[in-house]
Amino acid sequence: MKIKALSKLKPEEGIWMTEVEKPEMGHNDLLIRIKKTAICGTDVHIYNWDEWSQNTIPVPMVVGHEYVGEVVGIGQEVRGFEIGDRVSGEGHITCGHCRNCRGGRTHLCRNTTGVGVNRTGAFSEFLVIPAFNAFKIPAEISDDLASIFDPFGNAVHTALSFDLVGEDVLITGAGPIGIMAAAVAKHVGARHVVITDVNEYRLDLARQMGVTRAVNVMEEKLEDVMSDLGMTEGFDVGLEMSGNPSAFNSMLTNMNHGGKISLLGIPPSDMAVDWNQVIFKGLVIKGIYGREMFETWYKMASLIQSGLDLTPIITHHYKVDDFQKGFDMMRSGMSGKVILDWE
């Protein structure tokens, strides 16, 4: 049976609507009928066919990894799921037999493959994933929010890596993940949450999500903002979401001694770092990849159930046939999360 899917068909800029064979389910898998998908920054990289994509993405391949859907098929070895369950899923498929997998640190599996990165993705009418990777969505969480659990998970994993209660938090990069991380920090009890960027549209989104200050670094000095807030000792926790070298070095300059930094943004491999700041301030830097399985997922659901409101971050909806408009909007930088409706 042929189904609709968005695929990377050619090694050049673009993504194409295609017909592909419906995926086949194994004994340990779930077959999911996709309801909504969201466009990730990774999908934009794949669309643009940048250096990372050229080195990573097999062509042709169905792309996409942010989704919510309904279980319509269950492998014979699977327990704990029923037809009709509403699910999203962990996009990192892990091996189960390396040291980290067996030690319960699944997110650090050295043999990880990615849905929509190096195996068939979710921008399709149907998706097959191992049942281990599926996460049931509580009834009170909307399809829209469930479809962005993957990037929300990046935000939660990054933000909750260190204690935030009563701390002053600096977030560099007001993309959707940075803004969600800021909202999480505020929700769990940080004191001042300051986010920096140069994109005024996204800084406005951050203001809607309740940050203490959203700072356009082209127009305002971080030091002046800290002074306005009565901060005398620098930031306690830094969340680097931009991959921008000047943003990271500004973070190092403005951290308190003993500060802690979570690093999610991917900088150029040859980024110059002022290591004196790291060494003499005794900074702790932690690299973040993906989500902790499945601690981050439980935290995500609980945060929303306890009143965290992410709805402002979802700014655009399109029918999947209008996917090109969705990608154009994401590439413009004048959007939060963009959702494609498959129903």
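Placed from the backbone N, Cα and C atoms, the Cβ positions cover glycine too.
Copied over from Swiss-Prot:
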type     : residues                                                       : note
ACT_SITE : Thr42                                                          : active site, charge relay system
ACT_SITE : His45                                                          : active site, charge relay system
BINDING  : Cys40, His65, Glu66                                            : Zn(2+) 1 binding site
BINDING  : Cys95, Cys98, Cys101, Cys109                                   : Zn(2+) 2 binding site
BINDING  : Ile177, Asp197, Arg202, Leu264, Gly265, Ile266, Ile288, Tyr289 : NAD(+) binding site
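The C-beta environment of Cys101 (Zn(2+) 2 binding site), restricted to residues of the same chain at least 6 apart in sequence and closer than 8 Å, consists of Thr94, Cys95, Cys109. Taking the mean position of the Cβ atoms of Cys40, His65, Glu66 as the Zn(2+) 1 site, the remaining residues of that chain whose Cβ falls within 8 Å of it are Thr37, Ala38, Ile39, Thr42, Asp43, Gly64, Tyr67, Gly91, Gly116, Ala122, Asp150, Pro151. Cβ neighbour count for Ile266 (NAD(+) binding site): 15 (other Cβ atoms within 10 Å of its Cβ, all protein chains included). When Cα-Cα distances from Ile266 (NAD(+) binding site) are compared across the recorded positions Thr42, His65, Glu66, the shortest belongs to Thr42. Nearest in space to Glu66 (Zn(2+) 1 binding site), taking C-alpha to C-alpha distance over the recorded positions Thr42, His45, Ile177, Leu264, Tyr289, is Thr42. Counting every protein chain shown, 24 other Cβ atoms lie within 10 Å of the Cβ of Arg202 (NAD(+) binding site). Following the DSSP three-state reduction, the secondary structure of Asp197 (NAD(+) binding site) is strand.
Rounded to a whole number, the C-alpha distance linking Ile288 (NAD(+) binding site) with Cys98 (Zn(2+) 2 binding site) is 19 angstrom. One way to see the shell of the Zn(2+) 2 site is to take the Cβ centroid of Cys95, Cys98, Cys101, Cys109; the remaining same-chain residues with a Cβ within 8 Å of it are Thr94, Gly96, His97, Arg99, Asn100, Arg102, Thr106, Arg110, Asn111, Thr112. When the binding-site residues Cys98, Cys109, Ile177, Leu264, Ile288 are compared by the number of other C-beta atoms lying within 10 angstroms of their own C-beta, Cys98 comes out lowest. Take the CB of Asp197 (NAD(+) binding site) and look out to 10 A: across all protein chains shown you find 27 other CB atoms. Under the three-state DSSP scheme, Glu66 (Zn(2+) 1 binding site) falls in the strand class.
Counting only the Cα atoms, the space from Ile177 (NAD(+) binding site) to His65 (Zn(2+) 1 binding site) is about 15 angstrom. Listed in sequence order, Gly64, His65, Glu66, Asp150, Pro151 are the same-chain residues six or more apart from Cys40 (Zn(2+) 1 binding site) with CB atoms under 8 A from its CB.
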